[in-house]
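Asks: According to Swiss-Prot:
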ACT_SITE  Lys306  active site, proton acceptor
BINDING   Ser188, Cys221, Pro222, Gly223, Gly224, Asp240, Asp260, Asp277  S-adenosyl-L-methionine binding site
Amino acid sequence: MNKIALYCRPGFEKECAAEITDKAGQKEIYGFARVKDNSGYVLFECYQHEDADRLIREIPFRELIFARQMLVVGELLRDLSPEDRISPIIGMLQGVMERAGELRVEVPDTNESKELLKFCRKFTVPLRNAMRQEKILLIRENANRPVIHVFFIAPGCCYVGYSYSNNNSPFYMGIPRLKFPSDAPSRSTLKLEEAFHVFIPYDEWEERLASGLYAVDLGACPGGWTYQLVKRSMMVHAVDNGPMSESLMDTGQVKHHKVDGFKFVPSTKNIYWLVCDMVEKPAKVTQLMADWLVNGWCREAIFNLKLPMKKRYEEVAHNLQKMHLQLKENGINAQIQAKHLYHDREEITVHVRRIWSAYAANRDDY
């Protein structure tokens with residue numbers, strides 16, 4: 001198996017390919033990307049057979065922006081017989097994988113694959129049983145063992161491979177399944193909820209998404225992102241010249257500042273979260289976020305960067321590198337992650353965590 005399959009949003013295959021080619025080159029691993037527009041996935045074929053496994057071990061999945069999932073695969077299995085689809089799939093894995101912890105039978109995230117997804121759900125049970133009989137898969141799921149992926153790109157055609165559970169997306173098809181809350185002011189609320197799922201480990205939610213924390217939402221109107229903060233019992237400074245949702249204001253947890261988000265300066269030093277979803281040039285938003293972090297006005301930030309029409313990966317990489325250098329020059333130790341989330345469209349979501357000593361929020365300062 002000398003290929004890497006990367007799932008992505010349809011229409012962003014070129015960005016995904018540019019990114020994996022860049023990351024592989026940094027590891028001195030070389031190959032070429034196979035891209036089909038609007039397919040929802042990219043293949044990166046390594047020149048050296050063992051390099052594919054090395055890549056999915058050494059490239060931190062959390063550092064990939066445009067990939068929803070990353071796995072090693074073999075050659076495409078074509079024209080699987082309806083009488084026996086299982087044997088060829090088992091054959092691809094024998095001698096390659098044993099005692100895996102989970103099976104995922106998946107498809108690209110395209111409209112054309114919706115019917116195929118129904119088949120995958122039915123096919124999973126007999127395939128899982130067969131893999132357990134062959135000792136390719138453990139009897140019980142184990143989150144510490146590799147994941148087997150069977151990736152159908154068309155009826156009877158699939159890639160078979162694996163990912164490592166400590167360096168992959170834990171979500172089926174790389175997509176968190178979130179339900180839109182009926183009382184939220186806008187669908188944008190799902191972007192921030194997904195960002196919490198992707199960027200913050202569940203075992204740290206009680207500390208980092210705790211009730212009583214203070215937050216600022218720049219460009220808050222009508223309140224889609226503020227809603228997520230209020231739902232977690234935070235106190236929110238909502239900054240926007242436009243109107244906020246009355247239901248959010250009625251909670252008593254929101255203070256509305258009718259100010260331009262680029263001009264707002266917090267009057268207290270107890271802000272933990274800064275969130276921002278403003279339609280502006282990526283460089284301008286990146287600079288604003290860097291200023292907040294350098295000034296120590298927040299501890300963590302989640303913000304969106306709108307993507308240009310061309311050279312999206314290059315533009316994103318440039319802005320993130322610029323932020324990294326600015327923080328470093330100011331002696332700020334920070335973790336930076338970025339992801340093209342499922343609920344993002346022509347934008348990416350960035351998370352920055354400033355590493356400094358913890359402090360207790362003081363309600364009297366609100």
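Every residue, even glycine, has its Cβ placed from backbone N, Cα and C.
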Asks: Restricting to the chain of Asp277 (S-adenosyl-L-methionine binding site) and a gap of 6 or more, list residues whose Cβ falls under 8 Å of its Cβ, or answer none.
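Replies: In sequence order, the residues whose Cβ lies under 8 Å from that of Asp277 (S-adenosyl-L-methionine binding site) (at least 6 apart) are Ser188, Lys191, Leu192, Gly219, Gly224, Trp225, Phe303, Asn304.
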Asks: Can you tell me how far the Cα of Pro222 (S-adenosyl-L-methionine binding site) sits from the Cα of Lys306 (active site, proton acceptor), in Å?
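Replies: Rounded to a whole number, the Cα-Cα distance is 19 Å.
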Asks: Of Asp240, Asp260, which of the binding-site residues has the most Cβ neighbours inside 10 Å?
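Replies: Selected residue: Asp240.
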Asks: For Gly224 (S-adenosyl-L-methionine binding site), which DSSP three-state class applies?
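Replies: Its secondary structure by DSSP: helix.
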Asks: How far is it from Cys221 (S-adenosyl-L-methionine binding site) to the residue listed as 'active site, proton acceptor', counting Cα to Cα, in Å?
Replies: 17
Asks: Of all the Cα pairs drawn from Ser188, Cys221, Pro222, Gly223, Gly224, Asp240, Asp260, Asp277, the residues the record ties to S-adenosyl-L-methionine, which distance is largest, in Å?
Replies: 20
Asks: Looking at Cβ-Cβ distances, which residues of the chain lie under 8 angstroms from Gly223 (S-adenosyl-L-methionine binding site) while being 6 or more apart from it?
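Replies: Those within reach of Gly223 (S-adenosyl-L-methionine binding site), by Cβ under 8 Å and sequence separation of 6 or more, are Pro185, Ser186, Asp217, Ala238, Met244, Ser245, Leu248, Val254.
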Asks: Looking at the binding-site residues Pro222, Gly224, which one has the fewest other Cβ atoms within 10 Å of its own Cβ?
Replies: Pro222
Asks: In terms of DSSP three-state secondary structure, what is the assignment for the residue listed as 'active site, proton acceptor'?
Replies: strand
Asks: Only counting partners 6 or more residues apart, tell me which same-chain residues put their Cβ under 8 Å from the Cβ of the residue listed as 'active site, proton acceptor'.
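Replies: Expected: Val279, Glu280, Lys281, Pro282, Val285, Glu346, Glu347.
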Asks: Take the Cβ of Cys221 (S-adenosyl-L-methionine binding site) and count every other Cβ within 10 Å, whichever protein chain it belongs to.
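Replies: Other Cβ atoms within 10 Å of Cys221 (S-adenosyl-L-methionine binding site): 19.
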